[in-house]
Structures are given as structure tokens and as C-alpha cells.
């Protein structure tokens, strides 16, 4: 194992442990292989403004893994999930690695980014991942999703309106946010209810992070 790989492995496992996440050996190798490919492809495909690989572990991998404890204990049956505006596969690829029993559709309109995702899916043998190169308003899935997750949407209104046609009855939106978006709840009041707010503890990150669980209001 190279010194760089050893450092990244230690950083990943220590950070994950601080958040109560314990990837197995195969999952650890897959997560590290993913971030190495992310760094390599980032040079040409501009997957992220972050260039340093240790920062990628902190700001991409650990941030994505911070929602694992909530999903693992969720009372909702999240067997079918979609990551909308996934970009380079965040949080979808790390979650697909951690939850091989669930299926994840990764949706993005950027062809360069979805080419990277097809490559990673094949390289890592992620049979539970489907990649879709489409805009959300043009995507007509064969089946609806129990969980719609994203860390990319500008607002909760954009997310819940844009993804309304993807959510199965009884399903939930999982919105990953920085500061608690108080103002974003106003435009969706009466249509969408805030089920739960989770203050995420993201290792190696000082700023606030929140996971908002949302559901359409009963008519």
C-alpha cells in the first residue's frame, strides 16, 4: 500500500468512526477506489472545485457518509432511492457502497459526469446502481422511488416541485443542506411537511450540516 493510500485509508476510517459509520474491508476499498478515480477524472471532467484528494475525502466522502446512520435506522422502506443532480456521484456512490441491498439511480444532465459514473459503476462492480443522463423534468422512471435524496438543489421548493413525479406514495425527500434553511420552508408550507431535521456531525468539517426529511402533505 502506498503512503498516500495509507493516509487516505486512515483519514476515511477515522472520520467514519467519529460519525458512527463502520465500512467493511470491501466497502473501504471501494470508497477509496472511488475517490482516487474521482481525483483522476476531475482534472479533465471538472467534477468538483476541490482539487486536493484529502479534502475530497473530507468534503465529499465523509459528508456523503454522514447520512448513513439515519438511513440505516430509518422507519421508511428505502429500498429504491434516487440521487437527483448527483454530479460526480455524491452522495449516491458512497451510499450505494454502504447499502448494497438497496438500489440507487443516479440522475444528472451533464454527460461528462454520467460518463464518469458509468466508469465507476463498472470498475467497482456496483450492480445496485443505475446511471441516467437526463434532466429531472425529462426523466420518466419505470418505477417510483421511496427516497429522493440530493445535496445539489438550490432550494427545497425546487427539489420538491422538480422531483414530485419521482416519489412513491409514502416516500420521503432527503435534502442535504448546510445551515438550517428556515426561509426555504416558507414557500412549501401547506404542500410539504418537515418530518424531521437531523443535525449532521461531519468529521473534519466545521460548518453546520443538516439533513431534512420531507413528505408531501396529505390531501
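Glycine too: its Cβ is placed from the backbone N, Cα and C atoms.
What you see is a predicted model, and the numbers here were worked out from it, not measured in a lab.
Among the features that Swiss-Prot reports, S-adenosyl-L-methionine binding site is placed at 85, 90, 136, 137, 151.
Working note on the binding-site residues 90, 136: by count of other C-beta atoms within 10 Å of each C-beta, 90 ranks first. The S-adenosyl-L-methionine-binding residues named in the record, 85, 90, 136, 137, 151, extend over a maximum Cα to Cα distance of 20 Å. DSSP classifies residue 85 (S-adenosyl-L-methionine binding site) as coil under the three-state reduction. Take the binding-site residues 85, 137, 151: by the count of other Cβ atoms within 10 Å of each Cβ, the lowest one is 137.
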